[in-house]
C-alpha cells in the first residue's frame, strides 16, 4: 500500500488541499489504487507550531512517503522573521532533501478558457507545452551567498550561480525522454528547446555545450534548439506553440513557468511535479499562498486537483485515473463553472463559483 503525505501549508493552501483530497479519495476508491493519506506541517503554520518551516517529523514522513502533495507556503505574517526560518525555506529544503531535481510544469490551454487569456485566441488555441526546470541547483542554492558590509560601510548582496555537467546531464535526460514520450503520443517529431544566457554567463555556456553533447550522444532522434532567456520570454508571448518541451535552470525556469501560466488564463490552472531520479515526487500548484484571498472561498482549486492527476501519472503510473481527473476538470469547464480568476464576464452562460463549489463539481463528475 502506497502512502501520500499531504502538506496544506499556508494561505489558501488548506482550502485547495481539501478539494484535492476529496478528488484523490474518490479516484482511490473508484480505481482501487490502495493509497493511504497522511498529513503534516510545512511553512508558516509549521513555524508557528514548532519554530521551524520544515519540522524534522515532516521531513522524515516525506522521505517515507511515496509522494507528497503540497498546497502553498508563505505570507506577510512571517516576512519579518529570521531568513532561515521563513516559510519558503521549508519548501526549498524539502525539495533539496528529497532530491527533487526535476520540476515539470505543463502549460495547457483548455479550449473552454481561450477567452480567459490576455493573448489572442489564434495565438494560443491548442497550446500544450512542458517546461522542465532544474530545481535543486543554480543560483537559489549556490554558495557563497549572503549580505555583507564592505570596508566603506556599504552593504552588498551576493549569490552564486553554479551548475556541474552531471546536474545538466541529469535534467537534460528528463527533458529529452519526456519529449520522446510526448511526440509518440501526439504523432509529431520530438523537440526540445534549451534556454540559457550563454552569451553572458559562463555557467550557461557550459549548460548549452553539455546539452549539445548529450543530444548528440544519446538523443539524436530529438531535435535540439537553443534560445536566450530574454528572447524566450518574448517568444512565449509572440508564438508559444513553437515550443513543445523547454528545459532550463532554476532561475530562468522559475520566471518562464510563471509567464507560461498566464497563457492559460490563470496560474490557478497550472499543476506541477517535482521528481527525484526514481520518479518519486512532490506535487503542487504553481501558484503561491495568496494570503490576500485566503479564507474567502474564491481560490481556484483546479491546479491542485490537476497536480493529483500528475501524481497518479508520474509516480504511481495510473494513467487511466489521471485522465479521469483531467476529463472531470474539462467537463466542469464545459458546464460553464468558473472561479473568479478564469471568469470572462463578457462570455454568456458562465457561472461564477467558489473554491468549494468548483472542487465538489469535479468530484461529482468522478462519482
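Just so it is clear, glycine is given a Cβ too, placed from its N, Cα and C backbone atoms.
Per Swiss-Prot, the features are:
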type	residues	note
BINDING	75-88, 288-300	NAD(+) binding site
BINDING	95, 105, 133, 230	substrate binding site
SITE	140	site 'Important for catalysis'
SITE	197	site 'Important for catalysis'
BINDING	230, 254, 258	Mg(2+) binding site
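Considering only the binding-site residues 79, 230, 258, the Cβ with the fewest other Cβ atoms within 10 Å is that of 79. Cβ neighbour density within 10 Å is lowest for 83 among the recorded positions 83, 105, 133, 197.
Distance noted between the C-alpha atoms of residue 298 (NAD(+) binding site) and residue 230 (substrate binding site) is 34 Å. For residue 83 (NAD(+) binding site) paired with residue 140 (site 'Important for catalysis'), the C-alpha to C-alpha distance reads 14 Å. You'll find the Cα of residue 197 (site 'Important for catalysis') roughly 30 Å from the Cα of residue 87 (NAD(+) binding site). Cα-Cα distance from residue 230 (substrate binding site) to residue 294 (NAD(+) binding site): 34 Å (rounded to the nearest whole number).
Other than 230, 254, 258, the residues of this chain whose Cβ falls within 8 Å of the Cβ centroid of the Mg(2+) site are, in sequence order, 229, 233, 251, 252, 253, 255, 256, 257, 259. Between the alpha carbons (Cα) of residue 290 (NAD(+) binding site) and residue 254 (Mg(2+) binding site) lies a span of roughly 17 Å.
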